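Okay, so here's the structure we're looking at.
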Amino acid sequence: MEEGKYTKELDVAVRVVHLACSLCQRVQKKLVVSTNGAHVKSKDDDSPVTVADWSVQATVSLVLSETFKGENVSIVAEEDVQTLSKSDSEGLLAAVVNTVNECLAEAPKYGLQSPNRPLATSQILEAICRCNSSGGPSGRHWVLDPVDGTLGFVRGDQYAVALALIEDGKVVIGVLGCPNYPMKKELLSYPHKHNQVTSKLSVSNAETWDKGCVLYARRGSGEAWMQPLVHGEENLQWPNSASQIQVSPIVDPVLATVCEPVERANSNHSFTAGLAHTMGLRNQPMRVHSMVKYAAIARGDAEIFMKFARCGYKEKIWDHAAAVVIVEEAGGVVTDAGGRPLDFSRGVYLEGLDRGIIACSGAILHEKIIEAVYASWDSSNL
């Protein structure tokens, strides 16, 4: 990586996301073969949370605090310890503590420092609790989604680990780990029912299924990069076969592929289908869990991502921050449905969002989508 502003921050962020991806892969394998649901809980909004969510948050918190211990490290993240602190969660908490210590023990493999001895339960709970910043327009704030797309994660499908750095309200670096997303577009699988990207966890031959990648970018560099995950006994050797990624050159909507959330509760599929029809899109939508949708745009595997959430839903910054800067540095455009840039300076939520979010592979295609939104909005049922 060339020397410049945020070089150290990006280096550490990429390494810790690699480490977090390794943690998630181990936990997901256990979840896929388990039938007792011991590693999964439901939050107050009925969304699932797993051992991996808390373990990744603790691990990233510990690494960032240790690396930048001379600074007042501010971390905005999704999880808290409320569920873990309940009397019936002793087994869950023990699993988190064990998972974090196993993960930190292999930190040197990724060029990170490992603790001298296993951490106590109180230290791990404290690390999770430290991620309680609310961000804002000034200062530095790390933004973490430990497991984005938890529903996909527990199903053995797509998910992402997302880490961004915001400085004075602007996202300056973004790292997106996609442990089940193949390095090569040719290995994408589209089941006929929903055209979802699948992880093919049953395939063990690494040459057949080159699975898992980490994408990253630094604001203003005009470059976005992708590294393969580290497998087996390998160590992370920088730059780990990094390759530059760019958005698709397609500008004709007829040839474009749209990414959508899998769950209907997360986006209005009927409205996006109407938009696709208005614009003349012919390809079936690619429905996939998590910020992997943004990865597909940044890599040129798809051209459009549209999300129009249900009325009253407020988008959180950790669901978008890391991925937005990657798409933009790869040559793409990300705005709200009114064509305005997303505002990450107003706390935990993307306040002032106009109707929805649109990410696409370039300005020409973006302009056509915005025009279609305005033409279709009044007749929609949103």
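A Cβ is built for glycine as well, from the same backbone N, Cα and C atoms used for every other residue.
On a predicted model such as this, the values are computed, not experimentally measured, just so you know.
Database features, via TrEMBL:
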BINDING   Glu78, Asp145, Asp148, Asp319  Mg(2+) binding site
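Other than the site residues Glu78, Asp145, Asp148, Asp319, same-chain residues with C-beta atoms no more than 8 angstroms from the centre of those residues' C-beta atoms, the Mg(2+) site, are Leu144, Pro146, Val147, Ala162, Met291, Lys316, Trp318. Highest Cβ count within 10 Å among the binding-site residues Glu78, Asp145, Asp148, Asp319: Asp145.
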